[in-house]
Amino acid sequence: MRRIMYLILPLLFLHVSAQRWKPFGYSPKQPTQEGRVRLVGKVPSSGRVEVYHDGQWGTVCDDGWDVAEAQVVCRQMGFPGAISVTSGGQYGEGSGKIWLDDMNCKGSERSLSECSFKGWGVTDCTHREDAGVICETGANITSNRQFSVDNSLGLSNDLGLLFDSGDGCDFSINVRDLSEETELTICAHRLILMIYPELNITNESRNLTVDVSQTCHPHVSAFLRYLYTRQIDVSITSAQCLHQLSFIFGVKKLMEDVGRVFTSLLPEDNTFQTHLSMYEYGIRTGDLVLQENVLQYLSWNCEFLITSPLWSTISFNMMDALLQRSDLVVKDEASLLEALERWIQDKSAKISTEQQASLLNHIRFLLIPVDKLYEMQFSSSVLHQNHEKLYLTGLLRGFQFNALPFSKIRNKTNNRSNDYLPRIYTAKEWSVFINDTTPTINYPNYNRYGQQQYDPYGRPIRIQVPTFSTPAHPSVLYKEKTVQWQAQVFRNAQECSNYGVSCKSFPVARFTASGNQNSYTNTIRFSNRLILTCKNQNNVFHVQEFKNSMAVIPNNSSMGLPNPCPDDYSFRFVVRPEYI
C-alpha cells in the first residue's frame, strides 16, 4: 500500500509579494527556440535537463555528464553557475527523444548545443540515464523577495471530512453496472466536480451516471474523495479501477500516477493475470505509458510467461507487440517459436491465417540454432503445412546466415535489421549464474594502480575469478571460435579493491572478455546484459546493460521496478553478440 500526495490546486496557494512576479520571482533569458534548455523538476533551479531540437523536447544522457556541462546549462538558463550534477534519472525518467549523448563541454560555451556530442538523437542510452543539474540561484534573488504560504494540506484534510460527512452535498453520482443491474449512489458537491471539465457539469446539473463494473464499486468512494483531497491509496487490487475512473472523469494526472504506481506493483503478481488485464485496458484508454510498462515487464519475464497457463489467453495485439521486441528474455529463439506455435494452435479458430503469418514473420529464424533449424524441415504439423512457404523461406535464410560471412549478406537485409539482432537468450551456451559452483581461474591480485599485491609473508596474493566460455557468435562460422568471459559481482569497496577496480556504488557487476575477442571487433560487438532475478520467485525485476564492461545496479529510487527481494536475488550474466 502506497500513499500518493499532491498539492490541492494552484488557487489554494497564498502569495505575499511586494510586486507581481512570476512563480519563484525568476524569469531567465532564453536563447532562440532551437537549442533552448529547460529543467524539469519541483523547483526552477534543479531538475532533469531537456533540450529543444527539431520541434520537440528531448533529454540528455548522463554519459560524459560532468560539472562543465552543468555550468553551461545553468548559465544558459540565467543562473550564475552550477552546484552539482545528477545522473541515473534522479529527477524521473523523461519520454520521447534522447537528443544528446557523450557530452564534452569546455564550460565556456553559451549554450549546450555548442558543446561536442555524438550527434542529434545518436545514443545508446535509455531514459534511466537522463542527466540533471542543480544550479546556483543567488544572482536571481533581489530585495523584492516572494514568499509562498502553503496550508493546502490542512485544507485538503478539511475537504476530505466534508466529503465523508456529506454536509451540504447537492449533487448525486449514480454508479451502476449494466450487466449486474446494481447501482450505488454517492452524494457530492457540485462546486468541487465543476473543476473537472470532462464531466460537463453546470449550475443546473443535479446528477451524473457512471457505468463501471461491479468489482470497481468499492473503490468509487475513495476515488471521489481524491477529487477533494488529492490523496489516495493505491494497491494491486485497486489500480485498474482507479485508472478507469480517472479516465472516465478526465483526471489525467491521477491516471498517469496510478499507471506509475502499478508499474511498481507489477512484481507482486506472479500469475500475470493483472498484467494482461492492465495491458488490454491500456489499449482501450490509449495509455501508451501503461502499455510500455507492462510490455517491458512481460518481456523480461517472457521465459516464465510462456510456461504460464495464461500464455494461451494473450491477445493478438499483445503477442504482436511482444514478438517485435529485442528485450525478450527467453531460452533461445527456437523455444520462442515453439511457444508461438502452441499459442496459434490454441487460437486457430479465433485468428485469421494472415494474422498467424504476421506473427510468425516476427520470429528471427536466423538466430535459431542450426541443429534445430535442420530438424524443423521434417515437421508435419498442420501449422507448417498451412505456412509452408513462410517456414521454407525462414529455413533458407537461416542456413544462409550460418553458411555465409555477414559481409556477403549485409546488403540483402531489406532493412530487416532486427532479424540479425539477438534477444536476451539465457541458454547455458550464452549465460551464467554467479554462485558457489561457478568455475573459477586463479589470477594475480593487483590494486587499482596495477601493482601486484602480497601477503604479510611476501607471497603473491592470487584471487579466484568466475569464468565461462561462449562462441564468438551464434553463426556456425564462429562455433569453434570461443571467447573466455570473467563474471564478477562486487558488493563492497573492499572487494573492488581486491580486484584492482574503482567502484562508485554497490553492488556492481563486471563482465570482461579475454582471449580472441579483439580479432572480431570489426565484425562483432557484444551488447551484454545483467539479469536480476528473485531466487525464490519466478520474476525478473531488472535488466541492466553493461557499459565498458561494468553494470551498476541502481537503487529502488532509480530502478524502473522496485527490488522485491533486496537480500535474496541472483545475478545472471548474458552474452549478446551482434554483427556490426
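Backbone N, Cα and C define each Cβ position, glycine as well.
According to TrEMBL, the feature signal peptide maps to 1-18.
If you look up TrEMBL, you'll see 37-136 marked as domain 'SRCR'. When pLDDT is averaged over the domain 'SRCR' (37-136), the result is 87.
Cys125 (disulfide bond) has a Cβ environment of 19 other Cβ atoms inside 10 Å. Annotated disulfide bond per TrEMBL: Cys61-Cys125 (among others), in sequence order.
Annotated disulfide bond per TrEMBL: Cys74-Cys135 (among others), in sequence order. Sequence-distant contacts (6 or more apart, same chain, Cβ under 8 Å) of Cys74 (disulfide bond) comprise Pro80, Gly81, Ala82, Val133, Cys135, Glu136.
Under the heading disulfide bond, TrEMBL lists Cys105-Cys115 (among others). All protein chains considered, the CB of Cys115 (disulfide bond) has 19 other CB atoms within 10 Å.
Assigned with DSSP, the residues of the domain 'SRCR' (37-136) fall into helix, strand and coil as follows: 16 helix, 36 strand, 48 coil. Rounded to the nearest whole angstrom, the C-alpha distance between Cys125 (disulfide bond) and Cys115 (disulfide bond) is 19.
Close to Cys105 (disulfide bond) in the fold, though at least 6 residues off in sequence, lie Ala68, Glu69, Gln71, Val72, Leu112, Cys115, Ser116, each with a CB less than 8 Å from its CB. Within the same chain, residues at least six positions away from Cys61 (disulfide bond) with a Cβ under 8 Å of its Cβ are Ile98, Leu100, Asp101, Asp102, Met103, Thr123, Cys125, Glu129, Asp130, Ala131.
Within 10 Å of the Cβ of Cys135 (disulfide bond) there are 26 other Cβ atoms, across all protein chains.
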